[in-house]
Amino acid sequence: MFLLYEYDIFWAFLIISSLIPILAFFISGVLAPISKGPEKLSSYESGIEPMGNAWLQFRIRYYMFALVFVVFDVETVFLYPWAMSFDVLGVSVFIEALIFVLILIVGLVYAWRKGALEWS
């Protein structure tokens, strides 16, 4: 039988973890100063007077390179616990991890062929 009271701790955790950021944003909005002068709206560069426009546009290749890095960084985060418990998990989990790695390799080959990894 499906018992809902077994999930009371989950719902309490979900509600509390949702209320904390909402409450933090609300409190910072209430306590923040309202008037913002031109000095507050200028960019801050370590106490030095800013030279030129602070807003500059980056090329898309930097974002693509960062995206590929994040994908493989997340892959490492997922594969490390799997490697530590490889002997306990069995063959089915090995096959799932192999499929996961193969999908990432296909993505890497796609990014490589599209030129996302070329720096020049």
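Any Cβ shown, glycine's included, is placed from N, Cα and C.
Model, not experiment: these values are computed from the prediction.
Marked as transmembrane segment by Swiss-Prot: 9-29 (among others). Sequence-distant contacts of the transmembrane segment (9-29), counting only residues of its own chain at least 6 positions beyond either end whose CB sits under 8 Å from a CB of the stretch, are absent.
Taking Cβ pairs closer than 8 Å, the transmembrane segment (64-84) reaches residues 93, 97, 100-101, 104, 107-108, 111, 116-117, 119 in its own chain, all 6 or more past its ends. The annotation transmembrane segment is assigned in Swiss-Prot to 64-84 (among others).
Note on the transmembrane segment (88-108): residues 68, 71-72, 75, 78-79, 82 of its chain, located 6 or more positions outside it, place their CB under 8 angstroms from a CB of the stretch. Here Swiss-Prot flags 88-108 (among others) as transmembrane segment, drawing on sequence analysis.
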